[in-house]
Amino acid sequence: MQTAARRSFDYDMPLIQTPTSACQIRQAWAKVADTPDRETAGRLKDEIKALLKEKNAVLVAHYYVDPLIQDLALETGGCVGDSLEMARFGAEHEADTLVVAGVRFMGESAKILCPEKTVLMPDLEAECSLDLGCPEEAFSAFCDQHPDRTVVVYANTSAAVKARADWVVTSSVALEIVSYLKSRGEKLIWGPDRHLGDYICRETGADMLLWQGSCIVHNEFKGQELAALKAEHPDAVVLVHPESPQSVIELGDVVGSTSKLLKAAVSRPEKKFIVATDLGILHEMQKQAPDKEFIAAPTAGNGGSCKSCAFCPWMAMNSLGGIKYALTSGRNEILLDRKLGEAAKLPLQRMLDFAAGLKRGDVFNGMGPA
């Protein structure tokens, strides 16, 4: 780990006047459907299974959505994964229709990579605070001020922001890609998550200008409270997503993407884990490691209250009813301008090609041969 990271400024881009508002969050929570009873859930799942077969469709779900949807995806030959795994699965699957259970940028990414396919979502209003906090016009203006820098954006962005970028990354491959770019002597603009950008900057020593976005879920984890919880459970392994603040990341025994955290929970011999990410991941952790204990990391400080309480309200908007509606009506379809999609595909495909190269072992990642 390199601790002498170089940045042009501490935090470079002042927070623009479009932070995710409490009103937007309340509106999202208001749209979250009640959990159906067992009989209703079973009926909906049977109907959706028939519709998926009829429409030659496949369900692609994120780890953070309702466990009922995660299970349905696996039962029907679909995918449950992080955003990189979802993108790769959708691009490689032969289905005519992709039903993406996640947030809007995930549906857009699927459409960018598979413009010939129909991409449906349970709810088109399922947004992401990182996407909302990085409007294309403001981000492009920031990039225009630094034309000598390579633009790297997190996957949690709109198609328009991706089209402005040179590279798209997910948390699964961000460190490797930034290390590779640093080895080439490139200076970077990073957006939109400031915590992930700061973590990558400290780990790689890359010269990065950081946009000031954050995830409403991970931004709420508290280092002081996590330290106290860790003291109560000294035998617990702390799993931290790098969208969390530095004070939280520094307490992590494992820091990484949802897939990396899941793998650690399953493969490590310890029996107790403190989890600092969206608690939707606990469903798969408990399925794959039923003999282990998982404890939620604290999200609010003393006397404080949480906005998300470690659950993304937009992820929670995905429902079995929404999936059925999308498949029966053909609505909630992701539509993108062709030229915009083509421009956004270049940096997104660059990431997928790089990740494939890492798996083959033929990409130099800046830290030695992969």
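From the backbone N, Cα and C atoms, a Cβ is placed for every residue, glycine too.
Since the structure is predicted, the reported quantities are computational estimates derived from the model, not experimental observations.
The iminosuccinate binding site annotation in Swiss-Prot covers H62, S83, Y154, A155, N156, S171, H241, P242, E243, T258 and rests on sequence analysis. H241 (iminosuccinate binding site) falls within neither a helix nor a strand when secondary structure is assigned with DSSP, and so counts as coil.
According to Swiss-Prot, the feature [4Fe-4S] cluster binding site maps to C128, C215, C312, an assignment based on sequence analysis. Note on C215 ([4Fe-4S] cluster binding site): other Cβ atoms within 10 Å of its Cβ, all shown chains, come to 25. DSSP assigns C215 ([4Fe-4S] cluster binding site) to coil, not to a helix or a strand.
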Subject >> Count of other CB atoms lying within 10 Å of the CB belonging to C312 ([4Fe-4S] cluster binding site) >> reply: 26
**OP:** Count the other Cβ atoms sitting within 10 Å of the Cβ of C128 ([4Fe-4S] cluster binding site), across every protein chain shown.
**Re:** 26
Original post:
If you measure C-alpha to C-alpha, which of C128, C215, C312 (binding-site residues) come within 10 angstroms of Y154 (iminosuccinate binding site)?
Top reply: none
**OP:** Starting from C128 ([4Fe-4S] cluster binding site), work out which of the binding-site residues listed here (H62, N156, H241, E243) have their Cα within 10 Å, and give them in sequence order.
**Re:** N156
